[in-house]
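First the structure, in the form of structure tokens, and then the observations on it.
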Amino acid sequence: MTQLIITYQSDSKLEESEVFLSELNRIKKEEDKFAKFSSLSDLRAIVKKGEFRIVSIYLSSGSILAEIFTFEFLKEFYGVLDFGSVLKVNILALDSIDKVKAFERNLLFSGFIKVKKLKGDGLNSSDSDFEIVIKAEKPSWKPEEGKVLVDDIDLEGSVPDIKNYVPLGQGKESCKSKERACNNCNCGRADLEKEIGIEAARKVYQEKVETGTARSSCGNCYLGDAFRCSGCPYKGMPAFKPGEKVSLANAEGDANDRTVDMNLIHEEKVDLITTTFDDDGSGVSNVQSKGGVLKLNI
């Protein structure tokens with residue numbers, strides 16, 4: 001495995017070091033190449049001359065490291081290296097641990113992976129006599145290899161059919177066995193409890209579920225949306241004549257025929273009927289008081 005060994009041209013302290021010379025003699029093989037660089041363009045030209053799996057850089061101090069290998073420098077240097085290359089930075093003397101930590105962060109931000117500090121804080125051991133050895137790798141894959149094309153995904157098959165959706169909650173049938181309305185009630189029972197009391201509302205909902213009967217509290221259902229209540233089961237349907245047969249669709253998509261009978265009964269002392277409607281159009285009635293009213297049956 002061919003190795004490229006490089007040093008900084010102006011790093012005079014390194015060249016005077018006997019530790020570096022002995023290290024160079026120890027690791028250098030015949031197929032390895034030794035070179036010096038003074039700028040990024042020099043380093044780019046040196047790396048492009050051959051296919052090097054390992055690039056070892058030797059520096060005398062952390063100050064030299066911070067001066068040369070800035071984030072912008074590392075980004076450019078990252079693009080020069082072959083995929084799968086290993087970068088080893090050897091520092092002779094540790095004069096600033098903060099600069100070394102900043103260099104490690106810049107390696108990660110530049111795209112390198114598996115950044116390790118092999119010496120200097122007792123984390124790992126190394127055969128090198130240098131005080132700090134930092135190792136990093138350039139990924140062996142290209143960024144495009146991890147990209148998934150949208151065309152490869154079967155969007156239609158990944159989205160379940162809306163007909164098979166199960167609605168949240170148990171539905172109005174669960175109200176029959178409950179003592180009182182749910183905390184997040186949206187079927188109207190909570191409002192009915194406030195008006196007529198908990199026990200009376202429970203009985204009304206029992207009758208409502210068992211019989212499915214409903215009565216109008218306004219008598220305006222047949223006139224159209226402009227005259228209908230917000231919870232009217234005929235909301236969205238055109239106006240119709242009293243007594244006309246109207247077909248409503250329930251939650252499952254089936255159709256239930258309901259006869260709308262808006263016949264008026266003469267005014268007399270009768271019970272006042274309060275009615276609450278569900279989203280599916282069913283309604284319940286409760287006797288509240290005595291008064292002169294018109295009874296309207298739906």
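Here the Cβ of each residue, glycine as well, is placed from N, Cα and C on the backbone.
Worth saying up front: this structure is predicted, and the values here are computed from it rather than measured.
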* Structure fact -> In Swiss-Prot, of the candidate ranges 69-72, 85-88, 153-156, 229-232, the one given as motif 'Cx2C motif 2' runs 229-232
* Structure fact -> Here Swiss-Prot annotates region 'Linker', and of 143-162, 263-282 the range meant is 143-162
* To do: Would you please say which range out of 102-105, 190-193, 218-221 has the annotation motif 'Cx2C motif 1' in Swiss-Prot?
  => 218-221
* To do: Select from 175-187, 240-252 the stretch of residues annotated by Swiss-Prot as region 'Fe-S binding site A'.
  => 175-187
* Structure fact -> Here the binding-site residues are CYS182, CYS221; the one whose Cβ sees the most other Cβ atoms within 10 Å is CYS221
* Asked: Just counting, how many other CB atoms are there within 10 A of the CB of CYS229 ([4Fe-4S] cluster binding site)?
  -> 15
